[in-house]
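Student: Questions regarding the structure given below will be posed in turn.
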Amino acid sequence: MRIAILSQGPELYSTKRLVEAAQLRGHEVHVINPLECYMNINMRQSSIHIGGRELPAFDAVIPRIGASITFYGSAVLRQFEMMGVYALNDSVGISRSRDKLRSMQLMSRRGIGLPITGFANKPSDIPDLIDMVGGAPLVIKLLEGTQGIGVVLAETRKAAESVIEAFMGLKANIMVQEYIKEANGADIRCFVLGDKVIAAMKRQAMPGEFRSNLHRGGTASLVKLTPEERSVAIRAAKTMGLNVAGVDLLRSNHGPVIMEVNSSPGLEGIEGATTKDVAGAIIDFVEKNAIKVKKVTQAQG
């Protein structure tokens, strides 16, 4: 097969591992920077171009689109879809998962365990918003944040009011969530592929830090999932419409709660912690599911 990997970073671990796994299986692989693509959209024959040349036909596309280029990257991916190329994760699923608030609303509708989450627009609503999530300590998150950036733990009510007011004053979109103290600064990353969790790791925050992201100095280790954790991770990925997802959950006193569903999960941490060939499993999944049938994206949710 001819496979396109949409990525701005050909030297990134995840991209290199996917290229390596695909080539080992005899596939032709092209790493394409979505920001270098431009599109011809017409009723006869749509196409994608780079540097004055039309891209050749592809059998499958694996999107590794960074959060900062979600809009343009999704548009390029959608163009591949309109041209009948199989997308490992489609543009609708990616856009849905990148909107943190929308993700929470969709999972709530499906009865998936979540931290109590509040969202408001006016400073006058702040006191009620804080009460809604159980008071301080609480977590304040920028909706556009990634890798733990834009996430604040407010340990007192006064601190919470000040931080929320400041974000509102900057016209930043935030959500407020209950703080799951019993998680002790640890979360679990479940790597979902299709209808299975193929790997999982526990991420522990550094001492004095509550964010467990590996980019923030957290450490990763093997973890044994409960059947409930496995089930809720798969349901969360399905709710987003994703074939591949990194589902982050916390162990709370009332069961697993989903923090985030990542449509472009990194491979380095999960492969390092579990020694599993996750990249190879992804390519095997693409081989089984790529079909040369024109696919039209249908937005749902």
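Using the three backbone atoms N, Cα and C, a Cβ is placed for every residue, glycine included.
So Swiss-Prot has the following annotated:
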- K141, E178, Y179, D187, R211, S212, N213: ATP binding site (BINDING)
- D248, E260: Mn(2+) 1 binding site (BINDING)
- D248, E260: Mg(2+) 1 binding site (BINDING)
- E260, N262: Mn(2+) 2 binding site (BINDING)
- E260, N262: Mg(2+) 2 binding site (BINDING)
- 104-287: domain 'ATP-grasp' (DOMAIN)
Student: Which one of these binding-site residues, K141, Y179, D187, has the sparsest Cβ neighbourhood, judged by other Cβ atoms within 10 angstroms?
Tutor: Y179
Student: Please classify the secondary structure at Y179 (ATP binding site) using three-state DSSP.
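Tutor: Once the DSSP labels are grouped into three classes, Y179 (ATP binding site) ends up as coil.
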Student: Give me the Cα-Cα distance between D187 (ATP binding site) and N262 (Mn(2+) 2 binding site), rounded to a whole Å.
Tutor: 14
Student: What same-chain residues, at least 6 away in sequence, bring their CB to under 8 Å of the CB of E178 (ATP binding site)?
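Tutor: E178 (ATP binding site) has long-range Cβ partners P115, I116, T117, V133, G134, L138, V139.
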Student: Determine, to the nearest whole angstrom, how far the Cα atom of E260 (Mn(2+) 1 binding site) is from the Cα atom of K141 (ATP binding site).
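Tutor: About 12 Å separates the two Cα atoms.
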Student: Expressed to the nearest Å, what is the distance separating K141 (ATP binding site) and D248 (Mn(2+) 1 binding site) at their Cα atoms?
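Tutor: That separation, Cα to Cα, works out to 15 Å.
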Student: Between D248, E260, which of the binding-site residues has the fewest other CB atoms within 10 angstroms in the structure shown?
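Tutor: With the binding-site residues D248, E260, fewest surrounding Cβ atoms within 10 Å: E260.
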Student: At a 10 Å cut-off from the C-beta of N262 (Mn(2+) 2 binding site), count the other C-beta atoms across all protein chains.
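Tutor: Result for N262 (Mn(2+) 2 binding site): 22 neighbouring Cβ atoms inside 10 Å.
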